[in-house]
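Novice: Below is the structure I would like to discuss, written out as structure tokens.
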Amino acid sequence: MLGDTRDSTAMVPYSYSATELQVGGRCKCNGHASRCLLDPQGHLICDCRHGTEGPDCSRCKPFYCDRPWQRATAREAHACLACSCNGHARRCRFNMELYRLSGRRSGGVCLNCRHNTAGRHCHYCREGFYRDLGRALSDRRACRACDCHPVGAAGKTCNQTTGQCPCKDGVTGLTCNRCAPGFQQSRSPVAPCVKTPVPGPTEESSPVEPQDCDLHCKPARGSYRISLKKFCRKDYGRLP
């Protein structure tokens, strides 16, 4: 026996060799993984779920920033949620103040909205564009250019619901590209449409009081022949 002083061989040191050594272990995954994997360096890492990442699933993945990271529990996964950007952004950030104001439901803010969109969720059209209601909000062509006429419009920004551009006086049309009824085109870029002039009074529309010809005509000398066809109008009868 080891330590037996009655045996002379007990004082001889013992030597051991290990032919196979196995070391057990487990991952700490904060409840966001059901298994572990070996990385290229031979370290155990979590196979993360619920929109999390990292060796121990301790943070949300990029774009999954709509609410803060939390450890999973037996009752709630507390998954990281993707930001709501309607397909118009690839990046977002978390804002705690917005999260609190929303009743702890949403705190994501979309970054660098594309396809001519703007807003926290890329949910409305940027200046100079309006919403095409015939397309889904997630459509790349959901926002159309205003195309306000450079001369007829009073600005480049249109109504984001109807697309109506602000027209100058006397100008009409969705893009302010034509004169309104009662107006005609002018050569002025400031006032491209002016009121159509009203015709002046005529003999038929505004009768003139008869006057004595002697006041304006000199007495004729000699005899003259008058052509009734030339001097008599259809509205007047011939004298018998």
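For all residues, glycine too, the Cβ spot is worked out from N, Cα and C.
So TrEMBL lists these for the protein:
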type	residues	note
DISULFID	CYS146-CYS158	disulfide bond
DISULFID	CYS148-CYS165	disulfide bond
DISULFID	CYS167-CYS176	disulfide bond
DISULFID	CYS179-CYS193	disulfide bond
DOMAIN	146-195	domain 'Laminin EGF-like'
Novice: Just give me the nearest neighbour of CYS179 (disulfide bond) among the disulfide-bonded residues CYS146, CYS148, CYS158, CYS167, Cα to Cα.
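Specialist: Out of the listed candidates, the nearest Cα belongs to CYS167.
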Novice: Could you state the CA-to-CA distance between CYS146 (disulfide bond) and CYS167 (disulfide bond) to the nearest Å?
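Specialist: One finds 13 Å between the Cα atoms of these residues.
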Novice: When you measure from the Cβ of CYS193 (disulfide bond), which residues in the chain that are at least 6 apart have a Cβ under 8 Å away?
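Specialist: Within the chain, CYS193 (disulfide bond) has Cβ neighbours under 8 Å at GLY152, LYS168, ASP169, GLY170, VAL171, CYS179, ALA180, PHE183, GLN184, GLN185, SER186.
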Novice: Count, for each of the disulfide-bonded residues CYS146, CYS158, CYS165, CYS167, CYS179, the other C-beta atoms lying within 10 angstroms of its own C-beta, and report the residue with the smallest count.
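Specialist: Selected from the disulfide-bonded residues CYS146, CYS158, CYS165, CYS167, CYS179 on minimum Cβ neighbours within 10 Å: CYS179.
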Novice: Around CYS148 (disulfide bond), how many other C-beta atoms are within 10 angstroms of its C-beta?
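Specialist: The Cβ of CYS148 (disulfide bond) has 23 Cβ neighbours within 10 Å.
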Novice: State the Cα to Cα distance, in Å, between CYS176 (disulfide bond) and CYS165 (disulfide bond), rounded to an integer.
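Specialist: Each residue's Cα considered, CYS176 (disulfide bond) and CYS165 (disulfide bond) end up 6 Å apart.
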Novice: In whole Å, how far does the CA atom of CYS167 (disulfide bond) lie from that of CYS148 (disulfide bond)?
Specialist: 9
Novice: To the nearest whole angstrom, state the Cα distance for the pair CYS165 (disulfide bond) and CYS158 (disulfide bond).
Specialist: 4
